[in-house]
Amino acid sequence: MLPTCSPLDFHCDNGKCIRRSWVCDGDNDCEDDSDEQDCPPRECEEDEFSCQNGYCIRSLWHCDGDNDCGDNSDEQCDMRKCSEKEFRCSDGSCIAEHWFCDGDTDCKDGSDEENCPSDVPAATCSLEEFQCAYGRCILDIYHCDGDDDCGDWSDESDCSSHQPCRSGEFMCNSGLCINAGWRCDGDFDCDDQSDERNCTTSMCTADQFRCKSGRCVRLSWRCDGEDDCSDNSDEENCENTGTPQCAPDQFLCENGRCIGQRKLCNGANDCGDGSDESPHHNCRPRTGEENCNINNGGCTQKCQMVRGMVQCTCHTGYRLLEDGRSCQDVNECAEEGYCSQGCTNSEGGFQCWCEQGYELRPDKRSCKALGPEPVLLFANRIDIRQVLPHRSEYTLLLNNLENAIALDFHHSKELVFWSDVTLDRIMRANLNGSNVEEVVSTGLESPGGLAVDWIHDKLYWTDSGTSRIEVANLDGTHRKVLLWQNLEKPRAIALHPMEGTIYWTDWGNTPRIEYSNMDGSNRRIIADTHLFWPNGLTIDYAGHRMYWVDAKHHVIERADLDGRNRKAVISQGLPHPFAITVFEDSLYWTDWHTKSINSANKFTGKNQEIIRNKLHFPMDIHTLHPQRQPAGRNRCGPNNGGCTHLCLPSSKDYTCACPTGFRKTSSRACAQSLDKFLLFARRMDIRRISFDTDDLSDDVIPLADVRSAVALDWDSKDDYVYWTDVSTDSISRAKWDGSSQEVVVDTSLESPAGLAIDWVTNKLYWTDAGTDRIEVSNTDGTMRTVLIWENLDRPRDIVVDPVGGFMYWTDWGASPKIERAGMDASNRLVIISSNLTWPNGLAIDYESQRLYWADAGMKTIEHASLDGSSRKVLIGSNLPHPFGLTLYGERIYWTDWQAKSIQSADRRTGQARETLQDNLENLMDIHVFHRHRPPVHTVCEVSNGGCSHLCLLAPLPKGYSCTCPTGINLQSDGKTCSPGMTSFLIFARRTDIRMVSLDIPYFADVVVSVNVTMKNTIAVGVDPQEGKVYWSDSTLRKISRAALDGSQYEDIITTGLLTTDGLAVDAIGRKIYWTDTGTNRIEVGNLDGSMRKVLVWQNLDSPRAIALYHEMGYMYWTDWGENAKLERSGMDGSGRVVLISNNLGWPNGLAVDKTGSQLLWADAHTERIEAADLNGANRHTLLSPVQHPYGLTLLDSYIYWTDWQTRSIHRADKDTGANVILVRANLPGLMDIQAVDRARPLGFNKCGVHNGGCSHLCLPHPTGFSCACPTGIQLKRDEQTCDSSPETYLLFSSRASIRRISLDTSDHTDVHIPVPELNNVISLDYDSVDGKIYYTDVFLDVIRRSDLNGSNMETVIGQGLKTTDGLAVDWVARNLYWTDTGRNTIEVARLDGSSRKVLINNSLDEPRAIAVFPKKGYLFWTDWGHIAKIERANLDGSERKILINTDLGWPNGLTLDYDTRRIYWVDAHLDRIESCDLNGKLRQVLVSQVSHPFALTQQDRWIYWTDWQTKSIQRVDKYSGRNKETVLANVEGLMDIIVVSPQRQTGTNACGVNNGGCTHLCFARASDFVCACPEEPDGRPCSTVPGVVPPGPETTSVSGRSQTLSGRVTTSTTKPLTSLERVEGNCSDKDARRGLCSHDSEAVLATVGEGLHVSYIIGGLLSILFILLLIAALIIYRHNKSKFTDPGLGNLTYSNPSYRTSTQEVKIETIPKPAMYNQLCYKKEAGPDHSYTKEKIKIVEGICLLSSDDSEWDDLKQIRSSRGGILRDHVCMKTDTVSIQASSGSLDDTETEQLLQEEQSECSSVNTAAATPERRGSLPDTGWKHQRKPSTESEV
């Protein structure tokens, strides 16, 4: 029966009675919480949020992702909206848009990888990359390098040459190395579980215990109370070693069970053995009279009746003692985790408190960090991501990383740092992902841990490869090795800058956790037991504890900061934890095995949850929050502690420290430079070990692009270090600190293995084991020459002795030896030749005059006297493979490949051996840099010894000798060198041109040092007279020349070239000839490129090599087209004959043997070199097979040729083909070759001294010579002189060029007119009177003019233009007319740009082409706007008339035939050319089916037009429309075309004489003419009356009128106002009679004999009419809102199917559209504020000419926003191919393509054509041609 409570008590649901005052006090007194139910909620403050459970929390905490209420009611929030660049997962979270369907599961629910297209192409890696199993690309050099760069070991599988694991390690199938003891230990340690396959019963080692499952665990874990075996077998049969612990409120039974305290003495046997009841337990004897009402039942606190017996209980905060009555205070603070941070116990209660920066939550126990929401920042190998732990938001911070492992941040500076173990670099970026930069890029091998000191701004890192802990400033400067002793594999690192300490884990053979002060002092071990793979480490600054994970023991542990109170937090469900971080009461860690981020309570390990899984490869993790980097005292203060370099904090104070290797000069200052250090090469880097400090840490010199450094030397004079690189085949130098790096020698090196500096005369000596030479140069690489080239067989090390004048070198070829010679190569002598195998390093001891060497085959270090006598072994044991050797002081130092170490010993005895550094792979040369080299005084110091070039030391008595650069001979005085090579080979190698001297007894190639970048140099020729080399570059498309020493560089031909394969210099006739396979032409020009002429243009397929025979007047060339042949003609192109046309494949090289009167050629297809006589007869094979000959030349009795396959130059006898030798090998990219002998006299010039009497070109032929003119110009009848330009020619524009095609000659070759600064030329016209070209450039928005030869360019109109599509010159009245599609106006000005005036600005929609007929006074134009039309007006704009407005699509071009008086136009939509008479009648179609014509012109019986799609200029007969032919093909970006001809601009009118008497503008009309004034007054008085000049400018009314105009609106029905109808209202009759009115914009009729008073009467009437019109217009305006283009200009415009930059809203007229509008395209355009309007408006001509479906192409116009017009936009045509030309070339092809993709254009058949013209089909013979014949040559 339940007790009845007294009126003062509260009756709990479970029957208990408690004091009423305890109800709703927040304590669970009833034990079923019924005293805390239905309590009135506490009133929350204004800035608080009311939880559903009655708690109040800060408003800020509402919806912050944290369950602050306890019932999660503060987190019932709306899902946040995802931004435009995010994808919404099914669970409502947002991820980056480009993560959708990327193969990675980024949404928690995987919804981003559902419904993906299956045909997503797998990423293809480039040739230099390796593809990981999951598709990622890494650099190929990382494949099989022993590092897991992919993250799944796929780059380390299938590696036969895989680096084996070390001894004591087992190699998993994946390539991972693990401890051998883990094999078959029941634990899966390999990623692929291969360590547990094929196991018999596992063998456990002596210190392991074997579980029943066969698994091995540590012996020390047996009977430790933890189930380590997973089957409890390690805890069975344990002796009871001490009492198990029961909780404070529990009772320990005798059988070991724990029961609750309240169950004691309750009359029930709860323990099971009775030990909780009498008689075992001392229970009070129960008497039947017990009652809670009497004396509270004897209880000190609470009493209740159970089964008729009294049971005492205690209040919350107390516990029952063993007597069953008394209560004792519970110390809550003793229970871990009771409070988050601080805890104070009190009687019956407790109080929790929080550290600074935290606030107590409503539960009064846990602490919440103040500040923003915490973010987890983690490295994911290929990227760094952020995740909000309390919700699923997940964002990318940095991507496209190689292998990001370690990570940390600096909150106040907003920086993130990470290490990349693939690139071996430490990087940093801003926390927003911007500004990525390298911090540390050298000397790292495996930087696995990283920590930022946010108080002192330092960066600490661990490197398990170098076994070091280092420190540097945040930018990587002042780097110092902090700890290096007794470190094996340091991994995680954590800092406590407030305490000045650093903590790290080491997972080497003795795993441990250590700490030291941040200056490296006071180091000690804090944990070294029960550790195996201590991976992650973090410090809980608020809780004063550290946490770490052990991946082998699958445990997360914690301890105090001194290592005490160590305890496992989680020991279950941790397959492979890697990194850990802590925040508030939670731990967060990454796990490699589950690829996830997990969290748990940091005290109990409970509440485990997965924050994020299915990650790529989670590595390091940190909580990004200001409380993770709390403020602290900066021990260094504001002035860096007074230190010159590093200030490092310690526990109490700080220490000044120096960068690695620099000694301290005082307690706070460091030395500024190093005085002595050991320098050694390690293939991929060059390092130094300072002898100024004790630590002997090696420091990498920060150098770029060191691939395989071998030999070293140094020069303390300029602080330079020199090294050779056998991968890049170069010799470089840099200062010892890595600055001023430069390449000294990088040509004609094959394996530079030895290097020596002559520090006396500043010379560089080196050996080359590839070319078997010893060479010398100045230390900057100039004046290089070969010293020894004979009898060398793989020379290795070299040392010089400037004291004695000798040099010494080792040679380890077939007969190994050590030789010496004078430093000038004199007195060569073998000094050691016996008992040598691989003599490697050499060193000279100047003091004892002895030579030391190391022999890796004999495994010895020996020494002898400098002449080779008294040889002695210094060290003969424990030398597995010595390589580099050097001496310093009393010690000898050497590197050893096999021992992977640097060692030293006493140089005299070989005793006292020491190892300076070990575990260093790839050790090469070694030297000690110091500043005490002996000074030597030599003759070379005084004026270079009198030598013109090189002064080399030599042994006494001579002392020195002079020598010359490679290939040049010394003159007889023994001091001066010849000016240059006399006889030499010169050849092209794509990116450079080289020479091989034939004057000297060896072959060495020297680069012609032209200071210009060559891309694809093919043909080469020499002018021996001036000593200049000429070459063609098919990528840069130009022909250039320079002097043979590289000076005087200039481009001579820069236009009209495609692929210039052959080139020949006529040194006698001073001409250059060349072939062009792209244009299929052979041309000639003067040596400076002037007077260029096409000689042969017909029946050429692919002309290549060309050779000249000036004395005979012949030109020979090879053609390797479809029908390969060898042809000949006169050097003027006459008398052309095919000499050989059978059995030819790829005739590449060609040479004329003048002495033997024969032709020689090389054929790469038949693999022969053949010969024939000069007529092609007596053909015979000289050499067969030759693999792939290309260039061919001859000199004296030899032929020389280049071969692509062998990459070599060969030589043979020219008559027999015998005695083939290799001239130079190992030269990839060989092209043309020429042999030159400058001493040989030039032949007789057929043209004689006076150029044969020719005004321009004089060209030889077999019987004499002929005069010739440049391309397109005809020779005059005297057959000697030429005009300066053709008489009749086509002039056309192609965006960036203006060219001409002569109609006087039949070759129709285009010639560039050299007008400067052309960007996007559209429209053209010319003026025959002044001989000027006028053109519009819509990129610059200008109209310009120049002379017809391209000179004197000037801007005519430079302002107020938008898109000037049409241009016309009135050559009689000297006016210039143009259309502006952007502003929908037609304007006029004088030819010099003055007197500008808007003629027509209403009812224009998209005015395009324009033409004038001055004789008739007519102006014609086309309009391809909403309703296409062709219109006519008088030249003043009056009497406007629509001629054609039916059956028109896009009327593009327009031209007039002045003879037949007809208009011709092209229609690019209806694809035809039509004509009509001047009134629009007698219309007829001339040609139908033209693809996309743009502009046209007329000459004689021909109509010429440009076509965008066929990229050509074509013509037809203007009468019949037949005889269609292509004039010029393959021209990108063709625009306007006009004819320049004396017959074109004829006729005159009234304005032709004295400008008609007008002051400004004169306009002829059909029967009269008018004068007009400009829009803007120009300061000169203007009169509209012919012959009347007003006295001076009066007050004008421009502003008044323009306002009126702009306020007037004309609808489509309003009659356009002619100039006669526009009359001023503010001028009196009287003034007007005197001519005093200034009429700015009016044009007044001036017919002969008519009085002025008539005009005034008419004027009055018109004024009234004008006012009426205004009123009517205003009324109409209220009904129709129309559009203004630009109110300031008063342009009257209709609503328009193309957007202009209008400020008004654009309404679209609902006009029934003809069928052709189906093919329209949409276009949007930026308004004045560059914001895009939303509507899509259909537009006609050419922004998009599309396929027949109604497609969208949203605006390629972003290229230049707010511009209109077809021309500057891309054009998409309704055809299969399309050329998208970026306006003004502002985008390249890939950008255009991207733009198209971004806009998701549905232009269905758009291909972006390359900006380069398509080359005609071609052969694999070249690396720069398309396929034409099947062949294997493409592999070449």
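Cβ atoms are placed via backbone N, Cα and C, with glycine included.
Annotations in TrEMBL come from automatic prediction, not curation.
Predicted, not measured: the structure shown is a model, and the values here were computed from it.
Taking Cβ-Cβ distances under 8 Å and a sequence gap of 6 or more within the same chain, the neighbours of Cys30 (disulfide bond) are Cys12, Asp13, Asn14, Lys16, Ile18, Glu36. Feature annotation from TrEMBL assigns disulfide bond to Cys12-Cys30 (among others).
Marked as disulfide bond by TrEMBL: Cys24-Cys39 (among others). Shown in sequence order, Val23, Cys24, Gly54 are the residues of the chain, 6+ apart in sequence, with a C-beta less than 8 angstroms from the C-beta of Cys39 (disulfide bond).
For Cys44 (disulfide bond), the same-chain residues 6+ apart in sequence whose C-beta sits under 8 angstroms from its C-beta are Ser50, Cys56. Residues or ranges marked as disulfide bond in TrEMBL: Cys44-Cys56 (among others).
According to TrEMBL, the disulfide bond annotation covers Cys82-Cys94 (among others).
Residues or ranges marked as disulfide bond in TrEMBL: Cys101-Cys116 (among others).
For Cys125-Cys137 (among others), the entry in TrEMBL reads disulfide bond.
Positions annotated as disulfide bond by TrEMBL: Cys132-Cys150 (among others).
Per TrEMBL, the feature disulfide bond maps to Cys165-Cys177 (among others). Packing around Cys177 (disulfide bond) is summarised by its Cβ count: 16 other Cβ atoms lie within 10 angstroms of its Cβ, all protein chains included.
Over all protein chains present, the Cβ of Cys190 (disulfide bond) has 22 other Cβ atoms lying within 10 Å. Per TrEMBL, disulfide bond is recorded for Cys172-Cys190 (among others).
What TrEMBL records for Cys184-Cys199 (among others) is disulfide bond. Around the Cβ of Cys199 (disulfide bond), a 10 Å sphere holds 13 further Cβ atoms from the protein chains shown.
For Cys204 (disulfide bond), the number of other Cβ atoms no farther than 10 Å from its own Cβ, over all displayed protein chains, is 20. The disulfide bond annotation in TrEMBL covers Cys204-Cys216 (among others).
As annotated by TrEMBL, disulfide bond applies to Cys223-Cys238 (among others).
Annotated domain 'EGF-like' per TrEMBL: 352-367, in sequence order. Helix, strand and coil counts from DSSP across the domain 'EGF-like' (352-367) read 0 helix, 6 strand, 10 coil.
The feature repeat 'LDL-receptor class B' is assigned by TrEMBL to 414-456 (among others). Helix, strand and coil counts from DSSP across the repeat 'LDL-receptor class B' (414-456) read 0 helix, 21 strand, 22 coil.
Tertiary proximity for the repeat 'LDL-receptor class B' (457-499) is limited to same-chain residues at least six positions away from its ends with a CB under 8 Å from its CB atoms, namely 406, 410, 413, 415, 417, 419, 426, 428, 438-441, 443-451, 505-510, 516, 518-520, 523, 534-539, 541, 546, 548, 561, 579, 630, 632-633, 645-646, 648-649, 651, 657-660, 695, 697, 699, 919. Here TrEMBL flags 457-499 (among others) as repeat 'LDL-receptor class B'.
Per-residue pLDDT, averaged along the repeat 'LDL-receptor class B' (500-543), amounts to 92 for this model. Residues or ranges marked as repeat 'LDL-receptor class B' in TrEMBL: 500-543 (among others).
Note on proximity: of the disulfide-bonded residues Cys137, Cys184, Cys204, the one nearest Cys101 (disulfide bond) is Cys137, by Cα distance. Between the disulfide-bonded residues Cys12, Cys125, Cys137, Cys12 has the most other Cβ atoms inside 10 Å of its own Cβ, all protein chains included. In the repeat 'LDL-receptor class B' (762-804), helix, strand and coil residues by DSSP number 0 helix, 23 strand, 20 coil. Within 10 Å (C-alpha to C-alpha) of Cys204 (disulfide bond) lie the following disulfide-bonded residues from Cys116, Cys125, Cys132, Cys184, Cys223: Cys184. Taking each of the disulfide-bonded residues Cys101, Cys116, Cys150, Cys238 in turn and counting other Cβ atoms within 10 Å of its Cβ gives the largest count for Cys150. In terms of C-alpha distance, the listed disulfide-bonded residues Cys116, Cys150, Cys172 place Cys150 closest to Cys137 (disulfide bond). In this structure the C-alpha atoms belonging to Cys172 (disulfide bond) and Cys184 (disulfide bond) are separated by 12 Å. Within 10 Å (C-alpha to C-alpha) of Cys216 (disulfide bond) lie the following disulfide-bonded residues from Cys82, Cys177, Cys184: Cys184.
The two recorded residues Cys132 (disulfide bond) and Cys94 (disulfide bond) have their Cα atoms spaced 28 Å from each other. Taking Cα separation as the measure, Cys223 (disulfide bond) is nearest to Cys184 of the disulfide-bonded residues Cys116, Cys150, Cys177, Cys184, Cys199. Cα spacing between Cys150 (disulfide bond) and Cys184 (disulfide bond): 27 Å, rounded to the nearest whole number. Checked against Cys177 (disulfide bond) by C-alpha proximity, the disulfide-bonded residues Cys82, Cys125, Cys184, Cys190, Cys238 yield Cys190 as the nearest. Note: the CA-CA distance between Cys238 (disulfide bond) and Cys199 (disulfide bond) rounds to 29 Å.
Here Cys199 (disulfide bond) is positioned 47 angstrom away from Cys94 (disulfide bond), judged by their C-alpha atoms. Taking the C-alpha atom of Cys199 (disulfide bond) as reference, the shortest distance to any of the disulfide-bonded residues Cys82, Cys116, Cys125, Cys190 belongs to Cys190. Note on the repeat 'LDL-receptor class B' (1113-1156): DSSP counts are 0 helix, 23 strand, 21 coil.
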